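Worksheet for the structure shown next.
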Amino acid sequence: MKKLKWFLINLQIWIACFDYTITFFVIPVLLLPTFMGFPLGILKYVNVNFVLPSLLGLIFLGYVLVSIVAIFENQFHTILTISRVTNWTKWRRPCLIFHYVLVFLGVSSFIFFVPEQEGAVQRALQRIPCLPSYVFDRTLYVFAEQSAYHITLFSIFNILVSVEVFILMKLLVQNVREQMKDRRMSTKTYKLQKKLFIALAIQSFLPLTLIVIPCIYTLIMVIFEYYNQAYSSVALIMGSLHGIISTLVMLFIHHPYREAMRMSFFGKNGLGIRRNTVLISSVVPT
């Protein structure tokens, strides 16, 4: 659990970076199906280009996905006994670093597709009929006029992450079962590993749905050239809830974090008084 907590902290750090970027610094309003939008966050008051912090938010999102892979890889490595993969130890860190570098280079390549803004904005506006009047009062930015490269890269990376998590989960379950079968793992340890595995799965996939659904919606809108600003706003709001939901899930399913949070509010003395009160009230007759 000592090593695992650092992977969980790493995940929460990237989640916090992603959420602060999206919900405070940028607050993007996307005009799908075009890759055009404008910011409502604090950065608009300091004349920062909307494109650069948005790309930074995408990098943070990619790091969130890589951190989820790292959590399951750490659990797999902790109980690793399968002979054909014992050599994985020397490759695990370079492979993890490669994932982070891959995300950075992949998202950074998007900057080469940012067009000259004045002409690109006019062409993008022609693709969306009946825009609300407030849109024309904003400074609009276009990320790209062609979306094939972005969608392809996004799809490949998500498939890669999904396959890796699936393989790690399968090997993790297989390894635990083999140790139970060979009596190299006690029943108590098995139950603890099972409980931890379920907790990690819930913590990873439940909040992740708040990211996956908006991403799927974005892909559908871009592919089918459909515009609905209300749906786009709902998708962004859903994505912005990822951080708080992830934090709440972590507190509810991991007892040590829940106890630490309780201690921060009540302290040791508060908890002691609370327990003593319950004990006395249950012993003293009424």
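Cβ from N, Cα, C; glycine included.
Keep in mind it's a predicted model, so treat the numbers as computed, not measured.
For 7-30, 50-72, 93-114, 148-173, 194-224, 230-253, the entry in TrEMBL reads transmembrane segment.
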Intrachain residues whose Cβ lies under 8 Å of the transmembrane segment (230-253), provided they are six or more past its termini: 8, 11-12, 15-16, 18-19, 22-23, 28-32, 199, 202-203, 206-208, 210-211, 213-214, 217-218, 221, 261
Non-local residues, at least 6 beyond the ends, that sit with Cβ under 8 Å of the transmembrane segment (7-30): 36-43, 50, 53-54, 56-57, 60-61, 63-64, 67-68, 70-71, 74, 138, 207, 218, 232-233, 236, 239-240, 242-244, 246-247, 250, 254
